[in-house]
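Structure record follows, encoded as C-alpha cells.
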Amino acid sequence: ATEELKEFFAKARAGSVRLIKVVIEDEQLVLGASQEPVGRWDRDYDRAVLPLLDAQQPCYLLYRLDSQNAQGFEWLFLAWSPDNSPVRLKMLYAATRATVKKEFGGGHIKDELFGTVKDDLSFAGYQKHLSSCAAPAPLTSAERELQQIRINEVKTEISVESKHQTLQGLAFPLQPEAQRALQQLKQKMVNYIQMKLDLERETIELVHTESTDVAQLPSRVPRDAARYHFFLYKHTHEGDLLESVVFIYSMPGYKCSIEERMLYSSCKSRLLDSVEQDFHLEIAKKIEIGDGAELTAEFLYDEVHPKQHAFKQAFAKPKGPGGKRGHKRLIRGPGENGDDS
C-alpha cells in the first residue's frame with residue numbers, strides 16, 4: 001500500500017469517513033475514492049456504494065457502520081469482481097484481498113461481502129447476507145471465511161474464448177501458431193518450442209521453434225521473463241536411443257512482476273493437460289527452473305532417468321558376539337576339579 005493510503009486508513013478509522021475505495025495501480029494498493037457520512041449508515045449505503053462499482057474494474061470497498069467495538073467503528077469489507085472484468089484482474093484482486101484487510105486492520109472489520117453483480121453488494125444484498133447468516137445451524141466465523149474463500153476461487157465467469165478459472169488452474173487459449181507448433185513437435189518436424197503468455201490478450205503465444213540441441217538449451221531461456229519450453233530430448237539410455245519430450249517452466253525469480261509469476265504458475269497445469277490430452281504428446285518430465293544455466297546435459301539426463309537407490313536387506317543376519325572365543329566345553333578333563341587322583 002502507498003503511504004497516502006496508509007495515512008488515509010488511519011484517518012478513516014477515527015470515524016470521519018463513511019466509505020473508502022481501494023484499487024490496484026502499478027502493483028500498489030492506492031486510494032480510489034472516499035465519501036463522508038451524510039446520514040445513518042443504512043440510508044447512506046446504496047447512495048455511496050453502488051456508483052463506485054465499475055462494470056469492468058474490480059475494487060475493494062470499506063464501508064463504515066455506526067456500531068463500534070473495542071477498537072472503534074466497525075466496517076464492512078466489500079470485494080467487487082464484476083463478471084466482465086479480465087480474468088487476470090480477478091485473480092490479482094483475489095490474491096491481494098488479505099493484504100488489504102491486514103493493512104486496514106482486521107479487528108475493525110465486522111463482516112465481508114463478495115459480489116460479481118451490483119445486486120450482490122446493494123443494501124438489499126447485504127440484508128440477504130445477514131438473513132442467511134442468521135438461518136438455523138449457522139456457520140462459525142471460520143467456516144464462513146472458508147466458504148467465502150472457496151466462492152472467490154471458483155466464481156469466475158467462463159467466456160466464449162474458453163479461458164476459465166477452476167481450482168485446478170487458469171486456462172488461456174493457445175493461439176493457432178502455438179497449436180501448429182505442437183503438432184509439428186508431435187511429428188518431430190521441430191525439436192524445440194518456446195511459448196509465452198500475452199497478458200493483454202490473455203492467450204498463449206508462440207515465441208519461436210528454432211532448432212536446438214542440449215548445449216544451446218540454456219541460451220534459449222530469457223533472464224528477465226518467464227517462458228514455457230517444450231524440448232525433444234534425444235539421448236541414449238542403457239544402450240537405447242530415446243526421444244523424450246521435456247517440459248520446462250522457466251521463471252527468473254523476482255525479476256518478473258507478481259502478476260506475471262501468478263499467471264504463469266496458474267496457467268501451467270491447464271496447458272500441460274491440453275498438450276497431453278488434446279495433442280496426445282507424452283511429457284516424459286516436467287521441470288521448473290530459475291536460470292537457464294541449470295539445463296546441463298547431466299541435469300537433463302538425471303531428471304529424465306532418476307538414479308535408483310539400492311535398498312539394504314530387510315532382515316540382516318545377526319552378528320555374533322564380539323572378540324575371539326573358543327567353543328565352550330561341557331565336560332571337564334581330569335584334574336580340573338582340584339583332585340590329585
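Cβ atoms are placed via backbone N, Cα and C, with glycine included.
Along the domain 'ADF-H 1' (1-131), the predicted structure has mean pLDDT 91. According to Swiss-Prot, the domain 'ADF-H 1' annotation covers 1-131.
Long-range Cβ contacts of Lys6 (N6-acetyllysine) within its own chain (separation 6+, distance under 8 Å): Glu103. In this structure, Lys6 (N6-acetyllysine) is part of a helix by DSSP. Residues annotated as N6-acetyllysine in Swiss-Prot: Lys6.
What Swiss-Prot records for 169-305 is domain 'ADF-H 2'.
Listed in sequence order, the residues of the same chain lying 6 or more apart from Tyr301 (phosphotyrosine) and placing their CB within less than 8 Å of its CB are His235, His237. Mapped onto three states, the DSSP output places Tyr301 (phosphotyrosine) in helix. According to Swiss-Prot, the feature phosphotyrosine maps to Tyr301, an assignment based on similarity to another entry.
Feature annotation from Swiss-Prot assigns region 'Disordered' to 314-341.
The annotation compositional bias 'Basic residues' is assigned in Swiss-Prot to 322-331.
Annotation source Swiss-Prot lists phosphoserine at Ser341.
Shown for the domain 'ADF-H 1' (1-131): DSSP residue counts in helix, strand and coil, namely 60 helix, 42 strand, 29 coil.
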